[in-house]
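**Student:** The transmembrane segment annotation in TrEMBL covers 12-29, 41-62, 83-102, 139-158, 167-184, 204-233, 245-271, 291-324, 336-354, 382-402, 423-444.
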Amino acid sequence: MENNRGSWSSRFGFLMAAVGSAVGLGNLWKFPYLAGENGGGAFVLVYIGLVVLLGFTLMLAEMTIGRHANSDAYGSYNKIKKGWGFVGGIGILSGFLILSYYSVVGGWVMKYIVASFTGTGTDKAAFFGNFISSPVEPLVYHLIFMGLTAIIVIRGISGGIEKASKFLMPALFALLLVTVIRSVTLDGAMEGIKYFVTPNFSEITLKVVIAALGQVFFSLSLGMGIMVTYGSYLRKDEDMEKDAFIIPSLDSLVAILAGFAILPAVFALGFKPGEGPGLMFITLPAVFENMPLGSIFGALFFVLVFFAALSSSISLMEVTVAFGIDKLKWSRKTSVIIFTTLMFIIGIGASLSMGEWSDFLIPWIDGKSYGIFDFLDVLTSYYLLPLGGLLGALFIGFVWGVPNAVKEIKIGSKFVTEKLWSILIKFVVPILVFLILLSTTGLLDKLLGL
Ligand code: PHE
């Protein structure tokens, strides 16, 4: 692996692969419903604030670690400082758990490609609810989605997905714009637009901040070593400072467009914004139904969501698979087959927890109990990814040393934000993430309450 690691064929190819990993269900499915559940504009404002403070900083940090060490997530940390590979290890575990339920949602998207033609009936919420809670059909789609991810990862990523992303990402963008225009011009859309763009400061609660932080990590693919891995394939003259600005900006732009595609329609069509995970699946079919050639647009749209999900899921799987290859010395094929099987099985639990197994709840340290699907989401987005990010920042600040990281960045970049970045990575990111993590666990409340 050391001798033959390869590198990105072009800067554009790298950017598209990184954007392909970042832009996915997190932007199109999760962001709008989280905004809907957490006060609309209040959530959007906190989210953007955290992207500016943490997103850019950690994106650059992870890429720098990878390019310097030139190895996978586990190996890169370990190479720079022996004994720190566990930070990459936490990321690998996160990727494994995320993909288990991500694939279930990927399956829902595939179902909706089909349903664009076969129809979703008059009661969209009931259609969605019945589908995800049924015992067999979602599992079939989950299996197909997992299988497709496996096939691509077995073949290696470069040719297919890099090429495909270059075409698909711009296409997704164009169709998203069409959907936004349709949604914001519906009768009654204004209320939704207002809800989405007006931050009501009294609604900025701890819950909103926690949700936004988890979403920043999830949506930017941070805290789990993907950007370390992708950074390891970068050339030394790459301007990482610019990349770390472009990737989060594009990712946030897509998330915000998704909000404009979905939330105005929610209000116009008389749904509630706090609908949860069903938001995209319930509103968009209704939006498309109101359009000329709606079923074609609808199908196309969900096809692109599907590709966005797939380009993210392969990056998730690649992190785990690379660990099987590098550390456990398995062949790529063995590694893919074993991990796919395990993820598929955990995903069965996630899917069934939407119906048959909804009574099976897992108690958690925050005092709440979660079904399997929610548990995987909460554990990864709100705990493991922020923890990975926190440790990554501490690693640079206090183990590897900011000056060493700066030296690496400066090889290919002017690094005009050097001073700011140095302070952010050493102090602001660790303190902020630590405090939010602490309150996520409920410990902060207890400490303050004492
Ligand atoms: N960022 C991806 C999305 O928004 C999901 C993802 C999370 C991918 C973590 C890789 C790592 O859908």
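First residue shown is number 1, and so on along the chain.
Glycine is treated like the rest: Cβ placed from N, Cα and C.
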**Student:** Is the transmembrane segment (83-102) in contact with the transmembrane segment (245-271), using at least 3 Cβ pairs under 8 Å (sequence separation of 6 or more) as the test?
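**Tutor:** With fewer than 3 qualifying Cβ pairs, these stretches do not touch.
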**Student:** Please give the sequence-distant neighbours of the transmembrane segment (12-29): residues at least 6 beyond its ends with Cβ less than 8 Å from one of its Cβ atoms.
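**Tutor:** Distant Cβ neighbours of the transmembrane segment (12-29) are 102, 105-106, 109, 157, 161-162, 165-166, 168-169, 172, 176, 215, 218-221, 226-227, 230, 233-234, 238, 243, 246-248, 250-251, 254-255, 258, 277, 279-280, 305, 308-309, 311-313, 315.
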**Student:** What else in the chain is close to the transmembrane segment (204-233), if you only count residues 6 or more beyond its ends and a Cβ gap under 8 Å?
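**Tutor:** Same-chain contacts beyond the flanks: 5-8, 14, 17-18, 21-22, 26-27, 30-31, 34, 37-39, 42-43, 45-47, 50-51, 54-55, 58-59, 62-67, 69-74, 76-77, 87-88, 90-92, 94-95, 98, 240, 247-248, 251-252, 255, 312, 315-316, 318-319, 322, 380-382, 384-389, 392, 433, 436, 439-440.
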**Student:** So, do the transmembrane segment (336-354) and the transmembrane segment (291-324) meet, by the test of 3 or more Cβ pairs under 8 Å (sequence gap 6 or more)?
**Tutor:** yes
**Student:** Would you say the transmembrane segment (167-184) and the transmembrane segment (423-444) are touching, if the rule is that at least three C-beta pairs must lie under 8 angstroms and be 6 or more residues apart?
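**Tutor:** Between the transmembrane segment (167-184) and the transmembrane segment (423-444), which are separate recorded stretches, there is no contact, as judged by 3 or more close Cβ pairs.
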